[in-house]
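Student: One structure coming up, written as structure tokens, with questions to follow.
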């Protein structure tokens, strides 16, 4: 259609129709095409594709008209319906301001012989000049003063920034789609119910997904049939349409294409191979729309953030099959403060205040989709636990039989980048998938309908959600194709079809992620290729950091634009964003200057923790370990800290999930054989990085090495200079010991190291990062490496040979929290048959009142590096002979005990692992016990009597009263009878009082805080209590629901977690402790339900500050909820 500019109007005309847009008040009206003759000096500006609507960026500013400048054909849906994507828009100010360069395609009728638009419209410089002149005239006419001039400039700047975000929203993300003949807002099933509806397309759309409804409101209110032509319903989301050929003899062409660019289909395909059309349509709800940290949870209307309906269409011959899934934020009132990296989620309203809005959300969902299968992927421990517990509690309160709640801890099951373990979920809910069916339509009508829907969510409903939705949709598609005879019954999808299908879902995840978080989806490489690769891990780190950066000062503008598009008043003071932006820029510059200092402090903190007092610190570097053999073959590309002392080097590993160092190795320099530096080993393509391989011996055996590389900020660098500098430092240090260390430059062989031995694990009792988040570190590491590189040429290596003069720097480090627990992995075959010869007595001191779990500041852990007292040395000497592998690490007061097999830390995957269980190590913390006082817990259990060891911690929130944090706070012996249990409860109360009294007496004497005495209590007869262990880690355990767990269910006894589980840094919900493959609490007999309830309720412990009666009421309330619950609860 043609766009004309007149004195008072912009006129859109096609054929006999014309739409006049007023440049005075922004009004829209329909007029005949012949009225163009009445316009004052109309000029044709070019061609446009359609009208999106109009928007007012500020109440004091004019309206803007948004037009489709350029579109791209996505494909054709069944019925030959074309689907188009908006690629470029044009924005016109509905005012007297002259339009700037619109770059429109020229109309051949009015611009015959003119190819360049600048010949008929002013140049950009002229437009800017006119704009400035017009603004200047306006300000002069209104008799300005300084205040008004400043306000005018701020309004212009604000309008400019919002307009910039509007253009980026439409053109950068390419996330708006439309069809002139097909209803993209409704699924095939919903469309099939109203096939005979004669209303125009825009009146039949689903209001939830009609994204430009408010912007085009002037036209929808006209009410005449003539307006139908101008209204184009749009969706925000994703659409991709592909035709696949089922050919099992065709190669996948993996070597000829990258994951981002699928191989081209052959132009000539045999007719004997069946074809089918696959379409993926994602529709984002316009209700509670917005950006990641600006929109979370539910609102007062029951709408949730990031709600997306995804439909997968399969079309074969005349048959169309549809399967629909949804995603959406957890429907409770929660938020995350987005101005810090990886902010901690928090609940904004109480449980009772949330119930009504939770019910409103699911009542609407059940009304639309009939049944709901909730798949909750949030972590059942750690910082996400508070949201998962709130979700489960609301489900129990909602108590609807049409709801099914499935909990799947994605990070726990897929730890170590084993994302293929998602099949565990699809296998567990396979029957539910088949029972849900799908919509099947042919020319005659509806054959069957989908009965229910999967509602998948994680915290952001992005990365994890997309992987799981793709897995479920694939199961459904394979069943559909087999029903239609396109696929053989026992054959999987052909490799080439599978690859294109994976790319479609990966693109879907990227598009939704860009709309909500501003960057592409993490884990997208797994969705594309089915495996996790090095490039994907590194890209995830960059994208995660980008999300944080974007949120700092861009999300506020984008959120304001989205709200204005939907007619929602902007509540945030947009003018204050300018100040925030300046503050951020200043802070960013300051952070750049202090990168070196931050990394230095981080290295110093771990140096103080890991290095003994008799070793001297020589240097530390931030690197990446490329060797896949740490713990198991799935650990790749782990961020590490390499610390060098005068006699050893330490490799400290970062955990992706908890964002802190949780394990390290100490390797003697005497065992360091050689260093190799060269290009990284690759199968295809040119190596991008240089790597350093440190070869070492273990028990006189070779074949062990670490492959490390530097993280460089500049992609053009390979980090070789940094690695050479590190290698020279290692060489000099070893030469100072009287031995030489060869440095060899060569192309590294593609091989794996032998499994590393003696890996020591560090776990923090408190929540939060130990120093900084992993991805924050990645952005800092390159600064350190760059610093090393720059100083290399200025350092005289010869002067560094006398390394005996290095002293451990005295620096106060406030990164570490004092409560630490450590696990030691021992790769010793004797551990497999060894008895559990002792149980560690744990003493946990009260935390300082000012230490919050959501605080960025950390108290120093100075006692770890202070010199030991004589009493401590005597205690250490007395404990060194505790057991065959029990020993003391005198450098930091760590006491090791015998191993306990089947610990949680070994549950790396669902498959068997050759790695042995860690020994339990407890780090002493100042307990306040006087020198002459004996710990009340200093007793050894015997077979004749039962005693309870309690170590309560302060609850993090209200749900800690109801969902016990027994995995990190409490160790409880079991009683075999109820009478004995009551007696043990009395003993526990007396013991707690004794600890309190001794603490008071010690505070009166003002004894300084120092490490407490820890005694290791041994039991020659092994454990005297039941425990729930992972099935794969205990040899005698035949099935997931074996002796211990079944006995517990039958007797109703309390279950004591294993020491390693109790020392975990993640607070685990009660359902996370169920280690069976699946537990269902519903739709079973009353007796079986009672057993299940007793199991769940047994996990609800009491907190010491709570009165006995309150805890009993809470326990009874939870038990009653489970008894009356009609919702099926499934834990996988």
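Cβ atoms here come from the backbone N, Cα and C positions, even for glycine.
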Student: Looking at phosphoserine as annotated by Swiss-Prot, pick the matching residue from 907, 1001, 1062.
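Tutor: Going through 907, 1001, 1062 one by one, Swiss-Prot annotates 907 as phosphoserine.
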Student: Looking at 823-842, 883-902, 923-942, which one is region 'Disordered' according to Swiss-Prot?
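Tutor: When 823-842, 883-902, 923-942 are checked in Swiss-Prot, region 'Disordered' belongs to 923-942.
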Student: Which residue, chosen from 258, 1103, is annotated phosphoserine in Swiss-Prot?
Tutor: 1103
Student: Per Swiss-Prot, which of 846-875, 1026-1055 is region 'Disordered'?
Tutor: 846-875
Student: If you average per-residue pLDDT over the domain 'hSac2' (593-760), what number do you get?
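Tutor: Mean pLDDT, the domain 'hSac2' (593-760): 79.
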